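*Asks:* Here's a structure for you.
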4 protein chains.
Amino acid sequence: MLTENELIKFRRELHSYPETGWCEFVTTHKIVEKLRSFGLDPIYGRQVINPEFVAGRNPAKVEEAKKAALDKGVPPEFIESMQDYTGVAAIFETGRPGPVLAIRFDMDCVDVDEAHEAGHRPFDEGWASTNPGHMHSCGHDGHTTMGIAVCNWIQENLDQFCGTIKVVFQPAEEGVRGARPMTETGIFDDVDFFFGNHLGFNLPTGTISPEPGVFLASTKLDATFTGLAAHSGADPQKGKNALLAGAAAALAIHGITRPIGEVTALNVGTLVAGQGRNVVAPNAFMQLEVRGETEELNAYMRDQAIRKIKASADMYDCQVDIVKAGEATEFKPDQEAIELAYIAARNVTTEELARPLGLKLGSEDCTIMLRRVQQHGGKGTFVVFGCRTSAGHHQRLFDFDEEVIGIALRFYQNLIPMIVGIK
Amino acid sequence: MLTENELIKFRRELHSYPETGWCEFVTTHKIVEKLRSFGLDPIYGRQVINPEFVAGRNPAKVEEAKKAALDKGVPPEFIESMQDYTGVAAIFETGRPGPVLAIRFDMDCVDVDEAHEAGHRPFDEGWASTNPGHMHSCGHDGHTTMGIAVCNWIQENLDQFCGTIKVVFQPAEEGVRGARPMTETGIFDDVDFFFGNHLGFNLPTGTISPEPGVFLASTKLDATFTGLAAHSGADPQKGKNALLAGAAAALAIHGITRPIGEVTALNVGTLVAGQGRNVVAPNAFMQLEVRGETEELNAYMRDQAIRKIKASADMYDCQVDIVKAGEATEFKPDQEAIELAYIAARNVTTEELARPLGLKLGSEDCTIMLRRVQQHGGKGTFVVFGCRTSAGHHQRLFDFDEEVIGIALRFYQNLIPMIVGIK
Amino acid sequence: MLTENELIKFRRELHSYPETGWCEFVTTHKIVEKLRSFGLDPIYGRQVINPEFVAGRNPAKVEEAKKAALDKGVPPEFIESMQDYTGVAAIFETGRPGPVLAIRFDMDCVDVDEAHEAGHRPFDEGWASTNPGHMHSCGHDGHTTMGIAVCNWIQENLDQFCGTIKVVFQPAEEGVRGARPMTETGIFDDVDFFFGNHLGFNLPTGTISPEPGVFLASTKLDATFTGLAAHSGADPQKGKNALLAGAAAALAIHGITRPIGEVTALNVGTLVAGQGRNVVAPNAFMQLEVRGETEELNAYMRDQAIRKIKASADMYDCQVDIVKAGEATEFKPDQEAIELAYIAARNVTTEELARPLGLKLGSEDCTIMLRRVQQHGGKGTFVVFGCRTSAGHHQRLFDFDEEVIGIALRFYQNLIPMIVGIK
Amino acid sequence: MLTENELIKFRRELHSYPETGWCEFVTTHKIVEKLRSFGLDPIYGRQVINPEFVAGRNPAKVEEAKKAALDKGVPPEFIESMQDYTGVAAIFETGRPGPVLAIRFDMDCVDVDEAHEAGHRPFDEGWASTNPGHMHSCGHDGHTTMGIAVCNWIQENLDQFCGTIKVVFQPAEEGVRGARPMTETGIFDDVDFFFGNHLGFNLPTGTISPEPGVFLASTKLDATFTGLAAHSGADPQKGKNALLAGAAAALAIHGITRPIGEVTALNVGTLVAGQGRNVVAPNAFMQLEVRGETEELNAYMRDQAIRKIKASADMYDCQVDIVKAGEATEFKPDQEAIELAYIAARNVTTEELARPLGLKLGSEDCTIMLRRVQQHGGKGTFVVFGCRTSAGHHQRLFDFDEEVIGIALRFYQNLIPMIVGIK
């Protein structure tokens, strides 16, 4: 068994080389190496991803990340074996009849520049990000380490269990991109119980909640408008102005009629248009997102946004290509899973710290996996392992109380036998 | 022959009861009565209008105008004989071979409230408008009187002429509505020479110009957006907001890309939308116009406007109905007609006052008639009879130097024999 | 005591001559006459309204309504005594020490054309609206009748009570206009307990709820944009386009950033702009409303709307005048008042029908009165008297189960003694 | 004297290393070296530029260009002596009284990727651009070579002339940026005659026109909007949306009311906004331009654009910084200068090829220099040396008939003595 110190060392190793969604080549390699060191034979890369459902993936960045991984010493044949995709899954077959349990940990970082200044522990202690513009400022390095700890413990105790356990390391959670293509490999199609988790939220360390609150269903969209360039000082009427199409779309989307008293959200986050001051802009690119408390509300918002985008393109005689760049669904946990998790939690922490939280958590694509599990009658929920943080999530000064890693491990040590059964 | 005083009296009679486009029932009756008093048998109403091409006509207002005409003493059987339409034409057949000449005078007023204040001659002398909200502030009362004078003179001298002369009294020139449906009766299909005219522009009285300048081609459009009402405080998402569709269209139309260095114009003049403060507006109505120096430029502007309107409706999931409410084309006068007119003009006024003017004259639907004449090889132009005015055209203090009526008469006395020939 | 039949007769009399907000001259007269018939000396008109705080009042319509009231037989001296304002209050002073209780009933109608068709009871029975375009389709005729019944009963039993009772008949509740100027006369400044009420909602007749649900704070605004006219075919750049300013404001207001998971609402309900197709529009008028679950949220929405309006005016170099046309605040009922009301309700109806409702009720300006009462330590709530209706509120086929009038009377017969005390 | 072949060789040397506006370090060095080889002592860099009036200069790109120049072998002490600015002037003082003549040549390239494909002469012959993304596709390499040829000839014949001759090599003509800061050094304050020139336009080689047509006055603006970031899925109302401010400004600018029948132009060419999909965009950057046939029309367009930008920022509670990034004024050549140029032209080419052209030439900042000269009574014009080109200006396949260099030299050999006089 890895000691707590070894786990913390692994977490900091991950922290020092964070990788963004779909680019986790070094991270995938580290996970696979570690699992192999336990005697496991994990599946990874293309084996755990269905490319047909991949969204929000920039091939040029992926190529860069592969090169960087080679530079970092990842063997070329390992890179080769990934077949362009990241992610890992360890599947423990006991060979004994019993339920199938899946637990998901995520592994990607955020596009934030980590603080390199005194007082920020990762910097002070020398394990801050060495990948500029990238930072584990959401705690997924902690999640991955929890997953490693859980796998290590399962492997050492596997002969006691029944059923099957799948531990999944998901890429590209930020932007809610990775869950769908993992799900579409069929890996959750036989799962009876499913758990995802997240650490932090600056709650008292020791907090464990299988009723954390609300996740919004969400759709991320990219819209690419194509018009026609023309010299604006000579014959602008020969052009088709994609900049104006994009501007009109942005304004119209922000004016979508909102149902009163329902939870919805929207944002056109970026708009980049034009080629030069005196050229009728033939191009515009827009990244947006909509959210809704229910799948239905999210679908309303999405359909309205698409309507506005198409009409704006038409208004300026432009073409537009709309691509889904990520998705999450609403969070509908099962009471049975919640109750089992409370039992496990109370064995690890105080009664007081095992409780509903009522958080508003944005969106989590783990909901896509849970929905698939529920579609065939499985159960599940999402567990928050609260802990103190030095700054808000996604902030450049973010760090977390590493004690949470051991707490999560003990939680799963209590939960897993309850679910799969002891032989 | 009517004396100059009698003509002026007739003009003032017209002035005191102005009627707006498609509502000239009293005016039509006065013209027909006067022509009959000369022994003529004019055609009028439905005989001179092809209803299929009528635009910008409000049936409710037409009904009101008919009632008002009855109140003013127009006989019911005369109203009946008009068959809902206004306008008159006197056709003089000499029975002798020769060219066909058509001259057009217009007869409608402007929707302006005439000044009833001391210093304004029509008020001081007691012949100001008695039809509130309506005023002959463009001088069409003068034009009609010129037409009467010309008919009177032709009739008295008809046995001297060859060929055919058609004197047309057109309704609904404001908003460029009446020319097309008159033209579509075929009345100009055999015309060899065509002349239209306008008085005023505060030029020296005596100015006569067959090269007055530029008229823009123009299209007038009405757009009616239909959405769906909903309670804005309860479930606005069930509505379809036609007010926003109209607003988006207005802004987009004003942003149409304009060819550089070409003459184009546009305006969304009115927008009326909504039913109440707390109702998602299910309705919007918009009146707009576009113009262009050429038919092609006007068509570009029109097509762009229609694109913006349709896309705006689509953006808010509304229906939209777009109706042409008037039209004029570009002005391309013929050199032969211009030269004949100069000859006539120089017999009436000084060399100096018979000259090109370079005016920018907005739009004139007389161009529609001229285009039809030119399509089968006929010639024509448009003559400005300049005269002093007391205020700009369409102003509530507008009045004009009535001497211009006699000048126009003398011009046509010179022109007509040159064209149709003396037997 | 008036019999139930007499009350119903009075309600139908009100129903047959509905008057819109600030125009309730006939209605005021009827109320005052009825109260006087009980031996009361009510205050009314200018006595119960502080004109400084009057919003959304159209002086021309008020004048029309006064004339119509004269035609309906209201004595000129009575009209005179109203001093242009509507509304009534009956103040019952027992002369004995005790709490001050105020109860509010409203009296205006909705701008809806009542159905005159078979199957609609008011039409079938001959008491449908005789004031075209106006209809008691919200049940305020019932409210007023309840108020009359309550006054009748109080007057007959006044010698038993302590304290003071104020029964207020409020004009102009639609558009949330009347409460503020009544409140600003100081009439509620000494009130210890306050109750308002509403009937209907197609609930089972007998439903009585002092916990009806949520009212949104709301602000109604009128914006008048002033630009400069110009001929759009000649020199549009000399104009200042108020139509475009209004259109830009409408779109921008509908794009106000909404706090997520909070209850807010907004609507630009009407927009009227322009003078003619070929005139740069020098004018635009817009009616809008914003709402929020709290006063703070409403203020946020209002301030954002005002920002958008001002910036839009500035964008087109126009002036804008923004006027408050109505207001309501959030609804924060007091537990003590709710409990007293439940006691009274349970004496009148079943336990099951006396319950919280969880309605979303739009906005009610009664909240303005309640807030004033609470500001000096008073208590209150709003009571819904549910009853069956033949169509939704504000619908042309609306009618209600008149049994509710007697139910409301019995509720107040139970409530009033509890509050003011028996001597 | 340099031979024609030597001139062509120099032009091709310039062509193979094009530099964009404000980055012409290598080009400046080449010009200075060449002039020094004639025995001249030109002024350059900071000596010919007033930094206070520099617009559209990107300091980061300037630093890169300086480094690249060092790499290309420009001596560090020469770079040092430029003091961060580019441009050259050769001033020939004869010491004899006489007029002051200034001739301007420009030297910057366009941000276009030159075609590297067979059939494109510069590529085929090995002198295509070696500076990716930069290309002399407007012919300024030819202009600079003409200036070198003219200086060479003047220097060799200086003892024959009177007065003073200033040959100016201007940086940053593209984007109309360089003329103003050169002018503001005072270099043209004593100039009596001024000439600028441009080659190309695919006219017959030999065409020389001192009446080339219309240049539009123009103002280039950069607008930087600053809002406030917020998490769009959590509390968007805490943000200030600069993306929407920019979008609103772009649409409003394109809707500026245009004077009818006047030449104006506008374009928002680029808009870049936002930081991420789920962040309320705190930033937007926009590049735009306006143009007008006269200084007054351009000022109208500029003021309108600034109004729209400021109001849009205000609408979204953002700050905005508007910076002038370039400027040109209208072109008002002097008859006296035109006539002198025609005399020179007819000595070089045929009568037929020395003629007015009626070109619409966009904008040229040479007009800023000419205006300064005219302000103190000087005269001038702009000469087009027509020649065949292989593609339109600014196209990646552009090349020109190098014969035009010798034609321009001969034109100035004829013009210069006429103006400054022979001793």
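A Cβ is built for glycine as well, from the same backbone N, Cα and C atoms used for every other residue.
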*Asks:* Look at the Mn(2+) binding annotation in TrEMBL, where A:CYS138, A:HIS140, A:GLU174, A:HIS394 are given, and name the residue from A:HIS116, A:HIS198, A:HIS231, A:HIS254 listed for that site too.
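*Replies:* The one candidate that TrEMBL places in that Mn(2+) site: A:HIS198.
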*Asks:* Reduce the DSSP letter at A:GLU174 (Mn(2+) binding site) to three states and note it down.
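*Replies:* Its secondary structure by DSSP: coil.
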*Asks:* Minimum Cβ neighbour count within 10 Å among the binding-site residues A:HIS140, A:HIS394: which residue?
*Replies:* A:HIS394
*Asks:* What is the number of residues in the domain 'Peptidase M20 dimerisation' (A:222-309) that are helix, strand and coil, as DSSP sees it?
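*Replies:* Secondary-structure breakdown of the domain 'Peptidase M20 dimerisation' (A:222-309): 31 helix, 30 strand, 27 coil.
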*Asks:* Cβ within 8 Å of the Mn(2+) site centroid (A:CYS138, A:HIS140, A:GLU174, A:HIS198, A:HIS394 excluded): which residues?
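*Replies:* Same chain, not in A:CYS138, A:HIS140, A:GLU174, A:HIS198, A:HIS394, Cβ within 8 Å: A:ASP106, A:ASP108, A:CYS109, A:VAL110, A:HIS136, A:SER137, A:GLY139, A:GLU173, A:HIS393.
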*Asks:* State the mean pLDDT for the domain 'Peptidase M20 dimerisation' (A:222-309).
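*Replies:* In the predicted model, the domain 'Peptidase M20 dimerisation' (A:222-309) has a mean pLDDT of 96.
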*Asks:* Enumerate same-chain residues with a sequence separation of six or more from A:GLU174 (Mn(2+) binding site) and a Cβ-Cβ distance below 8 A; give 'none' if the list is empty.
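*Replies:* When sequence neighbours closer than 6 are ignored, A:GLU174 (Mn(2+) binding site) has A:THR20, A:GLY21, A:ASP108, A:CYS109, A:VAL110, A:CYS138 within Cβ distance under 8 Å.
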